[in-house]
Amino acid sequence: MRIDIISVLPELMESPFRTSILKRAMDKGLAEVHFHNLRDFGLGKHRQVDDEPYGGGAGMVMMIEPLDQCISELKAQRNYDEVIYLTPDGETLNQKIANSLSIKKNLIFLCGHYKGIDQRVRELHITKEISIGDYVLTGGELAACVLADSVIRLLPGVLNDEQSALTDSFQDNLLSPPIYTRPSEYKGLKVPEILMSGNSKKIEEWLHEEAVKITQEKRPDLLD
Ligand code: ADE
């Protein structure tokens with residue numbers, strides 16, 4: 001999978017892709033992430049990328065020319081499955097969206113800034129708008145990292161068996177059951193007997209029951 005991320009602050013996103021599982025995915029050639037500084041497509045001596053909104057109001061708007069040039073240049077080089085704009089008014093990210101994106105080949109992520117992008121960029125290029133939750137960040141960069149992480153970890157070969165994404169919370173619309181490791185007792189707190197019984201069928205049943213119980217308590221909406 002190849003992800004091209006367009007941003008005015010690409011340096012903000014460097015470390016998540018240089019660390020741990022995402023780094024390994026890149027080193028193994030399972031994912032490629034390329035950053036594009038929108039400033040490189042900025043207008044004039046000052047490499048302008050934003051301007052005042054028509055009709056007035058507070059905040060600046062990301063201009064159409066730099067965005068169109070950057071996206072068009074990328075599109076001329078390969079076919080993209082989706083051009084995704086990270087914005088608080090997009091569809092809220094969930095596991096289903098991450099799963100569906102993980103089978104794509106080429107994706108563009110556009111990080112919004114200021115008040116947002118000129119509406120015509122949406123009409124021209126954007127195929128999907130994604131929010132990572134009902135709150136407003138300073139820009140789309142951290143949201144792009146969250147989205148990329150949720151997708152890249154699903155690519156075959158990125159996680160090993162123990163980390164398998166198949167047992168994640170949300171994959172079957174259930175939250176994860178409680179987990180324990182040694183010691184079997186700490187400050188009077190005991191690990192449930194069943195987990196140490198060695199009876200794998202019983203353990204599996206117990207884990208499923210716990211997952212349903214926890215989902216009922218914390219996120220009943222997932223069971224609807
Ligand atoms: N940009 C600013 N806030 C955002 C959010 N919640 N999700 C995605 N992009 C954003």
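Positions of Cβ are set from backbone N, Cα and C atoms, glycine also.
Among the candidates Gly112, Gly188, the one that TrEMBL lists alongside Ile132, Gly133, Asp134, Tyr135, Val136, Leu137 as binding S-adenosyl-L-methionine is Gly112. One way to see the shell of the S-adenosyl-L-methionine site is to take the Cβ centroid of Gly112, Ile132, Gly133, Asp134, Tyr135, Val136, Leu137; the remaining same-chain residues with a Cβ within 8 Å of it are Pro88, Ser131, Ala143. Residue with the densest Cβ environment among the binding-site residues Ile132, Val136, Leu137: Ile132, by other Cβ atoms within 10 Å. Cβ neighbour counts within 10 Å, taken over all protein chains shown, single out Gly112 as the most crowded of the binding-site residues Gly112, Gly133. For Asp134 (S-adenosyl-L-methionine binding site), other Cβ atoms within 10 Å of its Cβ number 8. Along the domain 'tRNA methyltransferase TRMD/TRM10-type' (1-223), the predicted structure has mean pLDDT 95.
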